[in-house]
Each structure stands twice: as structure tokens, then as C-alpha cells.
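Positions annotated as domain 'Cytochrome oxidase subunit I profile' by TrEMBL: A:258-522. Annotation source TrEMBL lists transmembrane segment at A:6-26, A:78-103, A:123-146, A:158-178, A:190-210, A:222-246, A:258-281, A:293-315, A:364-381, A:401-421, A:433-459, A:487-508 (among others).
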Amino acid sequence: MVTMGLLLALSFVVSLLALAFLIWAISNKQVAPDQHDARVIFEPGDEGHVDSGETATSRPYHFDTVRSGIDAVSTRPVAVLLIAATVWLVIGSVFGLVASLKLHWPDWLSDHAALTFGRVRTLHLNLVIYGWLSQVGIAAMIWVLPRIFHTPLRAPRLPLIGAALWNAAVLLGAIAIANGWTDGEEWLEIPWQLDLVLALAGVFFMVPLIKTTLARQVHHIYVTGWYFLAGILWFPCLFVIANLPYVHSGVEEATVNWWFAHNVLGLWLTPIGVGTAYYFIPKIIGKPVFSYAVSLIGFWGLALFYSQVGIHHLIGGPVPTWVATLSVVHSVMMFIPVIAVAINQHITVGQNLWALKESLPLRFIAFGALMYTMASFQGSIEALRSVNSVTHFTHYTVGHAHLGAYAFVTITMFGAVYHMLPRMTGRVFRWPALINAHFWLVVIGFAIYFFGLSIGGWLQGLAMLDGTRPFSESVILTKPYLEARSVGGALMTLGHLVFAFNVASILLPQRVPESVRTVPAE
Amino acid sequence: MTADRRPQRDPRHPDEHFEPYELDASIPWPLLGIAVALGVWGAATLFDTRRHEERAQVERIEDTRLATGQAVEPGHALFEASCATCHQSNGLGIRRAVPPLAGSPFVQHGPELVANIMLRGIDGPIRVNDALYDGHMPSFASVFTDVEVAELASYVAARWGENDRVLEAAEAAELRGRVSDLGSFRGGAGVAEDTGLALGDQPPFASGTLQPVAPEISALIFEGRGGQWSCASCHGDLGQGRENTPRLAGLPADYIRKQLHDFAAGRRLNESMAVVVAELTDEEKQALGAYYSGLRVPSNARPDLGGDLERGEQLAREGDWSLTVPSCFSCHGPSGFGVAPEFPPLAAQHAAYTASQLAAWAGGQRTNSSLDLMEHISSALSAADRRSVADYLASLPPVPAGTGDTLAAQGEDR
């Protein structure tokens, strides 16, 4: 008998086989990265007359981004995006902290509608996703893609226009949310009229990156490029489809909602974070990553499996069982690409632990990459029905979301920013100890936050499942864990203030004399 | 931290112009192994969803059969499940408590009247042959489909009334539409009056439901007082309750008074009720009990917890001695209609409320049952059993049967 289960299983097997074939074909028949690609930008005659002391570009896999003028072009848009992102990070964290405090001080700041929990929490989410993470991600793309393509950023003024539009839309969206005007769906709260502006701003970011890609001077695209290019292709599709007004309704609306909300993590923030880590880890250490074939598995596994993951938020909801089951299976299949990325990144770091001592940015990025592995493993397990029935509707889920969006992506991006800023400005960080302080503040703060919510959330889930205990007990027992969350959140917010200070201190003109070749913070 | 602190000639030291690239290492075999294993698991799990689908198909077919009247079970099984608990399997009833069906002139009039009484219920004195009964026939309108009403009525009329006319489902539907607003029959006299049939000498009907309500009590019920909100704000204008808020209509007056006392004394823990009962005097508790015990309201409870109704029926009718759980009906009366004042009616109580009370006994938030009976029973039941039995009880008809219109009138008459 032909059933939905049979069809699903067949199509699943077919797509797995197709993926395996694709990876096999690329890794065996396509051109493997070689010396030739790395040197493509230089005509045979050129290679000789580079800086005589540092014969960098005459060696394979070496390329001087400063001398080729690439960094100089990227600096302005990257700086603008970084400043804006940092401002939103600080504001967004403050809202997050306020929301956290309100969970155990329920009467605090409850006199104005704009300061009630429902709006403050929503502001936190939208500001850190659209204000901070998206902008710092685009900044990293604008910095890295020209470097790996060996060509300056094309149309470098467009991102400035994009940044102006994007920030205006985020600001107006925040004001709208604070005043109670939202689309009424989690992660999609910004009114669709303002989403139009965000989408338009996105075009101003995409066009220069696509033009730069088309003008690239290398044949082989390094793995970071796959993630970044896929991200700027996937996210606009997700964003536009999910925000279409008057199209989605009822159960289908909820399905689209969670398809979008989870894909923002997996198909936008994850490409940003993984792509960034893939570039900066070998860059800082000076060693290649482990395997081209493994990175293929990591990328194509994400592309194939992630898009169906979000519906596990609707387990037990009125969606067809097979939709939720498909999502559970895809969630668990995410083990494959995650292990692949882990092999490539952690082996490179693990064989060069000395670099962690020397480089503060690497410390952030390696920690973030490790958290990608952790968050993904946890997410795959959390999607199983047996686990989900405990953790759903609890603070455990909130802890998991922060493990992904914060410990992985945000901390990775901190490292990237600390690596980029000295190269953008040609200056050193005046107080490297503050970078160290920032690292430990956010790591310790996050540890308190995560373990508090995970333990508290799990106990809360067990209490809610136990019919012999009143519901109020499941709420009351979370109180000490919520207080721990606020302590952790306060440390993280303090860390963000230190980060903002560090960014400001290097961007503002300095009077101290600078040595030309210092490579700060490493 | 800065270049100054770094050993300048460290051969490991990365140089600024290094470009990240990938080595050509092959895929490690554990990764391939994990990928293949997960792929097999995923395909198997997806293939397995066909079980859910097949189950849903079976349910759909059953629903369709019921809806289109193709169910082939005779009325016998339904009679045993729903009628025999009072009227007995042999249709002889219980002397002085439940009227017989065998030889009853009501049954001899045929399936229409049987169906009519099943749908409306009887609330008032009734004479069957030479015996008088205090009639408490519940209304089964909320319990049976038209097909079931037709089957049962035909079965009863044929077996005990020797009337071979077969009532069709369409006729039962038409009858249901005709009597849906009439409320229960007012005793045997009401049946004779409403149908115009010859039923012998019937005792006169004296309304027990329209007793006067003092204005202060009415204000308590419908408006609240000071910091106390009104009873009706949660339990509904008719005391019909909803989800986790119990149906009060028709509960014994003394039972209600005792529960109000127990809320005040902390033997039942509920934050809303603790506030409400704090200021009530004993007289007010008594008056509230009297008011709600007189209400006649059709059932709005449904089995909506997803419990296993067959298991629930087993627990309610037979108990489960492997768990040392006696049947519900052994104390709460046949069909869970209640034995005043200690054992409240369970029939037509909201499933969410019943299940939450069983959980509260098991969890120690409710400690007011006689001889700790319910504490023991609830603790022995699994969560699934609690849902099953609550769902089954919610599917039973209320007793006494309801008359919605008189009730609404009384509510507005405060």
C-alpha cells in the first residue's frame, strides 16, 4: 500500500543518495584546491616584485590584502555596520536583561505598556537578531568575501545606503513593537510594512557581494564563501516568504512561522557563524583546515536537512503527524553536517592549542565554534519526541536558543570583530586586558545563564507533566533559576558594554604613537 | 596581546598573508558510518509514520459509519452499557427506586415515546403500573447520536414493550430537533400532558426547582461581594462549569456546603476558592448549596482529554482489582449519578475537572475524602487512567435532567 510514510521514506533515501553522489563527484572529479588557484591573481611576471623581505605572495596560499588595496575599500562599509551593530547589541542586551528581571520581579516597570514583559522581550529578540547579528554578519561578509576572492568590494557605496535603510527600519520596527503594533508572530513581529524597507536594504547589501563574487579572481571558492553566499541567498527567500501579508493563515501560518524562525538560526545565523569560523580559525593559526571533502559534507548536509527542522516546535500541535516526524528526522540528521564541521574546525584548533594563548580573537572564535557543535547536538536531541515532551514550553528551550544564537554566533562574531578592527584602522587596542575581561565576562555570564535555564527548564517540564502537582508549582520552582539567569545576563550585558568601549576606543582617533607592523590583540 | 609580546622568530607563528584553504584529506570512516546509520534510522522513522496514518484511517472509517448510520451493532450493547446500570439487564428496574421497563405502559407506546424520554429525561414523580417512583431519568441527548437513539429505542420497545415498530435515525433526528428546547418531562404527568398519550393515573408535578432565592444570595452568585468575585463568573450563569471549573448544577446541597467548608479549612487547596470562601457565613454556604442543587442544566461536558474511553468505562463500572481500585459506581451510584450527600454525581462532570481532582488527591492538594478513599484510589491510578475515567464520566448524561429555559429564567430573576 502506498502511504505517506512510504513516499516520505523513499524521497528521503533518494535525496540522501543524491547528496552522497554530489559530494563524491565534487570531491573526486572537480578541481581540488591547489597552488594554482591561490596564485591566480598574480600574472607570472608579477610574483617577483612583491615586498622583498616578506615574500608572501610568491608562496602558495599567501595573499597580501593590504597591498592589493582590498581592505581599504571594505573598511568604510564594515565600520559603519559594526558601529550600528554594536549600538543595537548594547540596547538589545539591556532589553533582554529587563525582560529577565521581570520574570522574577513581575511588578517592576509594569506601569507603561511599552515596558511590559511581552514587549520588552520582543524588543530584545528583534534588536539582537536584526540589529546586531544580521549587521555584524553582513560586515564580516563584506570584509571576508573580497579577501578570499582576491578582488576589491564592488559598488562599495551601496552597503552604506543599505545600512542607513536597515537601521532606520530596525529603529522604526522597535518603536512599533514598543507601541504594540506587531504582526503577532514570534520572530516576525516587525510590521510587514517595515519589512519592505528591510528587504530593500537587503538588496543594497546583496548586490555588492554578488558583483564581487562574479568578479572574483580565484577559481576555487573557499568554504567560507559557500556559507556566506548561501546565507545571502537563503535569508531573503525566508524573510520575504514568511512576511508576505494576507497569505498565511491558521495552522499553515504557524507552520510557516516556525519554518522561518528556526531557519533564521540555521540558514542565516549559522552560515554567518560557521563561515566566519572557517575563515578566521585557519587565518589566525596559519594552518589549513583538515579536509575539503568533509567541509563539503558539512555544507551540503546543512543545505539539505536544515530547512525542515523548525516544525519540531509544533510537535503535539494540530499539524499532520508526518510533517512533525519529517522535522524530527531532519533535526537528527543535522548530526552529520555538524560532526563534519566539528572535525574540520576543532582538529585545526586542537592541533594548535598554543594559538589560543596568543590570540584573543581566536579564543572567542574557537569557543564559538565549539558551542556550534554543542548547540546542534543539543538541538538534535531536543527534537526527539520523548525529550521534546519535557522541554517544550519551558525555559530549557530559551537556554538552547541562547546557546545557538549567543554562545555560538555572537561570541564567534566578537572574535571576528576583534580581528578585523586593528586591520581596518591600522591601530592597536590600547587596553588588551579589557578584551580579556570581555571574554571572561560573557563566558562566565553565559555559563550561569545556560546551566540555570537548562536545569530549571528541565525541572519545570517534569513538574508540568506531573498531573499530581499544581501548575503553580512548576512556575514557582523556576524562580531561583530565573534569578541565576538574570545574574548571568547582567554579566553578559556588562561584557557588551566593555566590548562597545573597546570598539569605540580603537575607532576613535588616538594620540599615542603607533608602530607600523603591530598586529594587536594576537 | 601585542606583537611585542610574541616571539618574533617563532616558526609556528602565522604570517599575516596566510590564506585559509582545505587539505585534501579523505572523509574519516566514523563520519561515514554515522551518516549511513542516521540515514537508515531516518528512513525507518519516516516509513513508520504509516502507522499513525493507518490508525487515523480506521478512525475516519468508524466516524463515517456512525455519521451515515451504517453502524451494525444492535442496541443491546448500548443498553448494557448505559441503561442496564439502573433499569437492570432484565429490564425489571429496582423496586421503589428505578421503574421497570418490562410491562411498562410507557414502553408499550412504542419507540417514539422511548426515544422522547431518552432525549428529554424525566424530573418528577412517575407512576409505572401500581408503583410510584421519584423520577430522575437523565437526558441522554448529549450522549447518544441519532443512530444510537433510534437503535436503543427500537430495541427497548421491541424487547419490553412488544412493539415491533423500528424507529429510523432520521426520525430520531427530527424528534431531537422538536424536543431540544423543551427540557425534561415534569414527572409522569408531564409525559402524559406533553404527548397526549394514555398513561394511566399520574401523580401531580410539584416544582422543586423554582424555589425562591434570597436577594443577598442571588447577588453573591451573580455579582460577587467586595473582593470576592461572583460564583457565576467562573461556574457560569447556570452552574454548568467549564473545563477545569466544575459543574455545580444538581450537586447535593450538603456536598456543596461541605466543599465550601473544606476550602476554608485548607482540606482542598485552590487559590481562587480560598479567596471566595473566606468571607462566607455558614448560612450563606448552606443557601448556595441549596441553590445549586436545585439547578437543572443539560450537560456541556465532553470527553476531551484524549483518554481511552473503554478503559475509563472499565474503571467506572468494574474497577481494576489489580490496582486495588474499586469501581466508581460502587460508591457514586449507578451510572455515577451520585449518592447524596457523601458521594457527588460524577456523570456529566467536566473531564478536565475530574482528572485534576484525581491528580490533586494523588498529589496531596485535596485531602477531604471520607476514609481517605479517594486518596488511595487516585494514587493507584496512572495519569492515563485518570484521563480515561474522567473522559468516560464526562460522556455520561447529567442527573437530574436539565431544563435550560427555566433555569435561564431563574438566573435572570435575581
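Glycine too: its Cβ is placed from the backbone N, Cα and C atoms.
These figures come from a predicted structure and were not determined experimentally.
Here the transmembrane segment (A:123-146) has long-range neighbours at 65, 70-71, 73-74, 77-78, 81-82, 84-89, 91-93, 95-96, 98-99, 152-153, 159, 163, 166-167, 170, 173-174, 177-178, 186-187, 189-190, 198, 205, 208-209, 212-213, 224-225, 228-229, 231-232, 264, 268-269, 272, 275-276, 279, 405, 409-410, 413, 416-417, 420, 424, meaning same-chain residues at least 6 beyond its ends whose C-beta is under 8 angstroms from one of its own. Outside the transmembrane segment (A:258-281) by six or more residues, the chain places 129, 133-134, 137, 140-141, 144, 148, 186-188, 222-228, 230-231, 234-235, 238-239, 241-242, 289, 295, 298, 302, 306-307, 309-314, 341, 344-345, 348-349, 361-362, 365-366, 368-369, 372, 401, 404-405, 408-409, 412-413, 415-416, 419 with a CB less than 8 A from a CB of the stretch. Tertiary proximity for the transmembrane segment (A:364-381) is limited to same-chain residues at least six positions away from its ends with a CB under 8 Å from its CB atoms, namely 270, 273-274, 276-277, 280-281, 284, 309, 331-332, 334-335, 338, 341-342, 345-346, 349, 356, 387, 400, 403-404, 407-416, 418-419, 439, 443.
Here the transmembrane segment (A:190-210) has Cβ contacts under 8 Å with residues 126, 130, 138, 141-142, 145, 153-156, 158-159, 161-163, 165-166, 168-170, 172-173, 176-177, 181-183, 228-229, 232, 235-236, 239-240, 243-245 of the same chain, all six or more residues outside its ends.
Taken together, the residues of the domain 'Cytochrome oxidase subunit I profile' (A:258-522) have an average pLDDT of 92. Long-range contacts of the transmembrane segment (A:222-246) within the same chain: residues 33, 137, 140-141, 144-145, 148-149, 183, 188, 192, 195, 198-199, 202, 205-206, 209-210, 213, 256-257, 259-260, 263-264, 267-268, 271-272, 274-276, 278-279, 289, 292, 295, 298-299, 303, 344, each at least 6 residues beyond the stretch ends and with a Cβ under 8 Å from a Cβ of the stretch. Of the ranges A:78-103, A:293-315, A:433-459, A:487-508, the one with the most Cβ pairs under 8 Å to the transmembrane segment (A:6-26) is A:293-315. Away from its own ends, the transmembrane segment (A:487-508) comes close to residues 79, 82-83, 86-87, 89-90, 93-94, 96-97, 100, 406, 414, 417-418, 421-422, 425, 427-431, 434-435, 437-439, 441-442, 444-450, 452 of its chain (Cβ-Cβ under 8 Å, at least six residues beyond either end). Residues of the same chain lying 6 or more positions beyond the ends of the transmembrane segment (A:78-103) and with a Cβ under 8 Å from any Cβ of it are 109-110, 115, 117, 120-121, 123-124, 127-128, 130-133, 135-136, 138-139, 142-143, 159-160, 163, 166-167, 170, 410, 417, 420-421, 424, 482, 485-486, 489-490, 492-493, 496-497, 499-500, 503, 507.
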